[in-house]
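Notes follow once the structure below has been shown.
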Amino acid sequence: MQDSISPYLPPTSFRPFLLLWVGQALSVLGGALSFTVATMWLATVRFPLSADKPALASALTLLSLSYVLSGILAAPIAGIWADHYPRGWLMRAADLTSGVLCSVVALLAFTGALSLPALYLLIALTAMSSSVHGAALSASYVLLVPERHLAWANAMMQSLWTGAGLLAPSLAAALLFRGGRHGLGTAFALDAASFFIAASLLFLVHVPPTPRRAAEKSPGLLAEGAAGWQFIRERPALLVTFLTFAALNFAAAPLAPLEPLLVREQLAADLARHGLSVAAGLALIGTVTAVGGLLGAALMTVWGGLNRGRGWLIFGLCAVSSAAQIVYGLSHSLWLTAAMMGLFVFTLPVADTHLGVVLQTQIPPDLQGRVFAVRRMLAQSVAPLSIVLFGHLAGQVPAGQLLASLGLLALVASLLPLLRRDVRRFGDE
């Protein structure tokens, strides 16, 4: 007997999503600002001396892992909740919870009572809350956005992360160095305010209930969680796509951590020729990288993307970004290195937007939370392993050679799926 689907009226207006997007823009910028200030605070206030380098490295690693690993661990339950409970209320509750947690960090920082274990714990809890919000948000596009506007919606969300990455470092530096000892507390207070504002705006947005397939009885929590993985396994093109993107994330994860080593090792002569310091070179590369991401998101916002041939475009752009990583790793020119990083990031919102539209239109709405949770787990779980592995190898092998080798791995991983007809036609059905 086939499952029946609860009545569902497709959205007709883009306005509710715009309101949600404004709140999301504030919380994304607030989160990027507080995390950047936290890393700067560790490096300049908590561990300012050269002798503190080992302790600083451990603290930065623990700070990153507390956020990344907590989000990964929370993803399965977050996906189940997103498919079972009202997604609008989940997003509101998650934003309010994150706001409270950031307020606690701010209070402890202002009073001088913030210890590193407390910071790691509160960051981990915030990551879990953000995972719930992300699962509910990613599964709400089809409930809030008309299908013809899905590409625009995805591109607009992509632009938030790039924009935050461009603005956060300079804002964080100004906040920390002008705010003195209260800089960290101020950053988390602003982050808390951004979450509270985002939650308030969500109370003005009606997120329709998720259309559900009627079932005779609940199969239980474990079976519910496995349903997302089962859906993927039954669709080889989807499984190949998710595994490919996991491989690409593995190859790209060390780019940011190893960039300072690459600049110092391979670009020293070119920096000296231009009269630039390592810090100035890193700033230039970071600026070009952010501009590349913004241009990619802007292109998708204006263009809207392809309706057919998406498989070719998605994996073709992955191949382009992989080739850019190879050149980036081998380059001894500052401007060529910056240009390749800009090209790498330019392809991301274009490919991700097309992939997002395919997934949102082909996965049943009541399964999207769990399927997207599996996607996040596969993509994100490989990053810490890659960073630890290649961070260790960078002490023995030049960083550029490692990154170029990973780029070659990514290039092969990008092209192999195109040998499959179902992947080439991915999203055309």
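Cβ from N, Cα, C; glycine included.
Bear in mind that TrEMBL entries carry predicted annotations, made automatically and left uncurated.
Taken from TrEMBL, the feature transmembrane segment applies to 18-43, 55-81, 93-113, 183-205, 237-256, 276-299, 311-328, 334-357, 377-395, 401-419.
Nonlocal intrachain contacts for the transmembrane segment (276-299), taken as residues 6+ away from its ends with a CB within less than 8 angstroms of a stretch CB, comprise 155-156, 158-159, 161-163, 165-166, 169, 259-260, 263-264, 267-268, 334, 337-339, 341-350. Same-chain neighbours of the transmembrane segment (377-395): 65, 68-69, 71-72, 75-76, 242-243, 245-247, 249-251, 253-254, 257-258, 261, 402, 406, counting only residues six or more beyond its ends whose CB sits under 8 Å from a CB of the stretch. Touching of the transmembrane segment (237-256) and the transmembrane segment (401-419) is concluded from the presence of at least three CB pairs under 8 A, sequence neighbours closer than 6 excluded. Within the same chain, the transmembrane segment (55-81) packs against the transmembrane segment (18-43): three or more Cβ pairs sit under 8 Å, each pair at least 6 residues apart. In this chain, the transmembrane segment (311-328) touches the transmembrane segment (334-357); three or more CB pairs sit within less than 8 A of each other, excluding pairs fewer than 6 residues apart. The stretch from 18-43, 93-113, 401-419 that makes the most Cβ contacts under 8 Å with the transmembrane segment (183-205) is 18-43. With a cut-off of 8 Å between Cβ atoms, the residues of this chain six or more beyond the transmembrane segment (93-113) that come close are 23, 27, 30, 34, 119, 122-123, 125-126, 129-130, 132-133, 136, 182, 184-186, 188-189, 191-193, 195-196, 198-199, 202.
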